[in-house]
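Structure record follows, encoded as structure tokens.
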């Protein structure tokens, strides 16, 4: 907060009372300065001696290795390089030469000038003493040039101090007298020697230290960066004026757009890895043993020295803020007295007017430079800390810890990434998807935890109520997104807390001292009133904090909902849920904006309160000073001074009025500063509390528990054993391994009561029914589940020395190329790589892509099919060098002939020989021939059998039946299908690059983006009334504010030639108070009008953004990373809600103020029109240069944030894989890289602000100084009052012009968020719903489907994937669709829903789908994808998200889908309608998810139901139950299209469609197709292991 102008008014007003310095220098100061150089030199010598003794007798750190000297490098060049380069060496050489010259001049002065004997001690000290000092300086200079690196640096520092002390002495003795009328240089008798000495000393003591570049000192000597930014090496002067930004500004004004790569490189002190090393001992909850709050750790541990420096800068700012008004004060005094008695010449004060603002600006901008550096470093530290902390969390489903979610709470679609790590104790079912969120342990051979708390050490034990309260927090992705966007941005405003603690209190104390000197004890009643009224803003601050907390909660809810929704946006679109989901999000947005509105209006009230306190203080203080106060009566009686008009026997004169009023305005400004900063500090405190809670209250893996009791066992079993003995595993620490009765909470415990150890160097199978705990067994081995011992010799062992590879049940794919997904950071071995691709059956798939294995797969591998993703993930595990491979249901997503090829080529291949494979699978018959050891799990999570397959089947008759049926369904070699489809690859192959580069707006903020915001601010009354009201209120507020000054002027003129006792003081106090109050009220009305408009605009823009993304085409979603969409919906929306709205208001407000002030100045002093125009032109030029650089940097900064969020999202969804592979370090390194890019842009962004800030102040100083020189030395004679007013207004006006430029830039920079949002309002969209597109109410009455000439492609310019398909499916028919990978099965289902570009006609119940609105079409067709998505909430909310059905219908659907066949009614952990489902369904297995998705589809009662591999992850018995149920439970007019790999799934269909390369190869009844001996279906069935069964099914007899 800058209050320089107010200081000017204060000191100008009391200029008459100021006194000039005496006509002689103080003797004590003269004596002190005489010995100053000698004392400094003595201290320097003593310090060097102590340092030498310390280095000799005490051990020191190992010195850095000397630079290698090659034959072509001379010793001199090596020495010069060691000292920092030729430029630094030249400066040091010049300084050394100057020291020698000074020594020679000092000797000359002693021997030649003095000549005779010394007459006094002062001469002796001055001559001989200084000569000794210069001799010492020469020695230091020699060492700085010829010494080693350390000695040179040390001696250079001492030399600067010694020379500067000498320079101060000579400046005081010989230069300062030239600035006075009465003094003369003390050493003038030396003649030319003294001036030569002063000049040389100025070079050595001032110029060289200021302009010599600094030598870069690496933070990590083992990792010296190749490039350094100028901030690490530039001179002190360049750092002070921030000229290191000149190259950036110059380049930005030459090119159209400044790219990130063209910005200054990042300093190694800002590298994330170095910041981590510096901060983690204090802020990492696992390393911070003192359990200190993260905010306190950042202030007092990590950035202690920085905050001490900032406090010093604020104190210096207080003093430098008085320099400009002091110059005006002295200049006016000279003019008023006509120079009588003056000592200092007036040109000194003119120069002072230039140097004063410059010094103040240097201090102020250095403060902000350090603040922004600390803030940026803090952001990088915390961002990485959140990432690392997520890598320690246990995979826990984000479901409630207690009762089910209330039905009144609308569910929100959750992320398919399973990125939900909630602080919950609900126990996932056995099939819990581990690829949701978690991290790997280093070694998993551990003994039981006797009593574990998987929370960070030192946290309090939560009560059940607390746990229940915390248990409903959102998923990890949403929480991390909000923490690293909204909360980190909030911390920026909190950095001003030092101004509250240091700057403003010190300024207020100084103001009170000045007031006391003017008004005496009358200020104390005013202070008492101030103290009494202080609780008012305190109460408002409490309300602000509460509103901020509630606002952050609602923001969390919206951000998490948006994040989850965007992650399942394809499901939302396929189901036609866009309107209702948008409505749900808008309800959350409405609630959030209600708190935003409340928060902003409270800030208005807070501002009024802070303005009223100083006003009340003014009234009471003046009322005490004059006859307004009751004390006057008492004083009158006691002192018998009834003839007096004042209590204190003083007269309220013009000087006192102006001076005291100016100080009161200063107090008011500081109070406003307090309560404008306070809400930001409160918001930052709230955010820090949220961060602290996130770090300390989330459940961690057992490896990171407090007691650290995961001790490695060295006994009893061999080191390479893989298995478990006598242990129970749960998904949370709070579970004790026993199920809790009731349906509201599901608990699963994997119990190994005896032991299970897998065989090494062979393939082990883990088999069992759906939901029995097969995946949990792998998670237990990996250390992902909470481990409890059952006996003293309990053990879990998974040796990691040879490496572990993991294939998740749901394939985890990076947003990278196919090759990089397979290699996964391992060294590239071409032969091994080609063998892996061949054995995993990927060659045919790679042939489909133009870029082959360099094809980008997009987020979550969206360009790959489910089978392709599974094989890529398998290839990653096989390619790795890991000795142990954990494969979770790797064959589930593959057709049988592809799966058999994997078994034959990969599992029997050389690459898996002598490697231990633990394979979880439902394809028991297919994998049994390659298995050496089989572990069977029972439905209760216990080991049923282990050993041979026959023993497992003997103990589980249901499993035996499944295996028998599977054997009967196995097809033979894939070549049978390949032979018929040779040469059918698409004519045009897709390009390798999928993800498009993010668009960046160029130039200034576009009018269209600004118009979008302003146009949405208006209310129901329209734009003209809204803007008329706002402009009138804002204009009148400024007019009444300026009337205050007019009232003071009128009041002052009353004292001219009039008895002060006759002035109506009461009248003017009331008049001043009334006008002030009116200005306050009108200001509040203006700001409240703006607040209401900005809230309306924010709400509408968010609605437009959500609807635009919901309306986007599938192809646009494929090309656009969801992290970019989420960034728009979170970070950019937060900026529009806050910073952009505030910046725009400040700009409008300040422009009005400048216009009115300029008009007033021109009216009073017309001569100001020309200087004002010059200031506007120069300020505008600076502003233009600045904004050309700042805008692209801000845009690059915004774009650099999305990759950080994208990396979080990608890593969190694959945490188990990352931990299993031990790839945490690689992902941390990638996080470092992405954060460093963001930091690079942020540092440049803030430094450019400093660049314009210094230049603004220099311009203001030059303008004031030039005007002062003209008024003093010019031909026009002007009185002192006019000069004072003119100088004050000139300084204020010049500062304000550049402030307008900066506000304009700030609005443009923040408006970048509006541009980014607007970009997503103009994207490729699907056709909007129209009235004509609404189908009849009865539609569809049947499931009749007729397709005519259907061709399809994924983009307008993409290859055709379906070629002229024509067929007719009658209502109620069941049609099976088969074909190899890439034949067009999924493309056909998408084309029926118009999700891709189609040609031809599709008639659904007689109506062309092209004529029907998309939401109507998709809401009447139900598709179940291979990987279904579930929503966060209860099962009831998943099945019926919009509460349209009763429980009877829901339970019937679950029964029809086969869920109840998997569980008994007496199961305590059975799935019911009240069961809580985590985000993405991560607490149920994939098979269970498919069952629930099927039930959801049945509930929709669509006439057309499409199953796209919907039962691939379900065992054969359950599949049979589902198929039987579908045959009997579906309405007779429901058309069923089933895409399947299992022939028995579709063999009893009414008709079967065989697709090949996008064309229909066969389409008829199964019995008819089997009659064609050359048909594709006949080939598959004849070579099947269950030929007779399939023929019987086809003929209707099976």
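Backbone N, Cα and C atoms are what each Cβ position is placed from, and that goes for glycine too.
No curator has checked TrEMBL annotations; they are predicted automatically.
Within the set 192-212, 213-233, 234-254, the record from TrEMBL flags 192-212 under the feature transmembrane segment. Of the listed segments 263-283, 326-346, 347-367, TrEMBL assigns transmembrane segment to 347-367. Mean pLDDT for the domain 'ABC transporter' (724-965) in the predicted structure: 81. Against the transmembrane segment (154-172), stretch 192-212 shows more Cβ pairs under 8 Å than any other of 192-212, 298-319, 496-515, 1067-1092. Sequence-distant residue pairs (6 or more apart) of the transmembrane segment (1067-1092) and the transmembrane segment (1252-1273) include fewer than 3 whose Cβ atoms are under 8 Å, leaving the two stretches without contact.
The stretches the transmembrane segment (496-515) and the transmembrane segment (192-212) are not in mutual contact, being linked by fewer than three Cβ pairs under 8 Å (pairs 6 or more apart in sequence). Here the transmembrane segment (347-367) has Cβ contacts under 8 Å with residues 2, 4, 179, 240-242, 310, 313-314, 316-317, 320-321, 323-324, 326-328, 330-331, 334, 1250, 1253-1254, 1256-1258, 1260-1262, 1264-1265, 1268-1269, 1272, 1287, 1291 of the same chain, all six or more residues outside its ends.
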